[in-house]
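Novice: Among the features that TrEMBL reports, coiled coil is placed at 166-325. Among the features that TrEMBL reports, compositional bias 'Basic and acidic residues' is placed at 113-122. If you look up TrEMBL, you'll see 123-146 marked as compositional bias 'Polar residues'. Here TrEMBL flags 1-110 as domain 'WH1'. For 113-162, the entry in TrEMBL reads region 'Disordered'.
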Amino acid sequence: MGEQPIFTTRAHVFQIDPSTKKNWVPASKQAVTVSYFYDSTRNSYRIISVDGAKVIINSTITPNMTFTKTSQKFGQWADSRANTVFGLGFSSEQQLTKFAEKFQEVKEAAKLARDRSQEKIETSSNHSQESGRETPSSTRASSVNGTDDEKACHGGPADAHLKSENDKLKIALAQSSSNVKKWETELQTLRESNARLTSALQESAASVEHWKKQFSECKEENDQLRNKIEELEEQCNEINKEKERNAQLNRRLQELESELQDKELELEDLRKQGEIIPQLMTECESVSQKLQVAEKKNRDLEEKVRTLRTDVEESKQRQNSLKTELKNFLDVLDGKIDELHDFRQGLSKLGVDN
């Protein structure tokens, strides 16, 4: 019959990291089939799992093994022959419980099979000793009673019993030799498995070195990125400071616009006063003084405008939106200055006419 599956489930398979003996290494990318197999010819049990064409679990269950639940959905067992620890992650606690119960059941069956095998070996050994002791007596009986035909006539039942015992011993010896060959084959398989595990361990060590190198490179790159982030943060702080300076300039421009509006109101008052000719003569001196003050203020304003123009020229690259407002402001200011000059010339003409 060979090996037959007796229980099947699905789980994520892991193996202990051979270098650290602590971390779990995934043996499958997704959940795979994990099955218990029973070999009737060898009277043994195995847990087998295959991912595609790769055998990821081939563990023969012995009575000394123990399946341990480490969490609600994860369990593990150690296989000394494979020199590793297998771990299984299930999708539910019920599947883990069923697998653990089956493991205990198979473990008891393996223990029972081992005990029976030992009993058979002991029984075969005892029978061989008894047959060794009985053979001389049968020889003596043959010499006393005569030929084999006479022995068959006189001692038939005892000889038949000895013959059946000898046949059993022959069968036991044949099974023992067959088991020895199987054990030799299994030993060779274990040696090959150990060689593969040694090669895998060497590859894992090389892979660890490779990952260490990559980790070092990533760390250096991370440090460079961190420094670059700090530089960008400093640049952002400088940009924020520039924004604050631009906001201050905007507020200053609004204040100047408010002052210009006040001056326009004063000029409007002067126009109204200029319409009153009799009062102009008496107020001419005061108007002249006011004009001088206004001119002085205009000069101050012109100086301020020059300063603002310089500031605006310097801040053109930082804020393009101020360009249009500044141009409007300069146009209005030039117009007001022209109106002041025109108004002064008009007053002068009025003074000459009078």
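Our numbering is plain: 1 for the first residue shown, then up by one each step along the chain.
Using N, Cα and C of the backbone, Cβ positions are placed for all residues, glycine too.
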Novice: Tally the residues of the compositional bias 'Basic and acidic residues' (113-122) by DSSP class, grouping H, G and I as helix, E and B as strand, and everything else as coil.
Specialist: 10 helix, 0 strand, 0 coil
Novice: What counts of helix, strand and coil residues does DSSP assign across the domain 'WH1' (1-110)?
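Specialist: Going by DSSP assignments, the domain 'WH1' (1-110) contains 18 helix, 54 strand, 38 coil.
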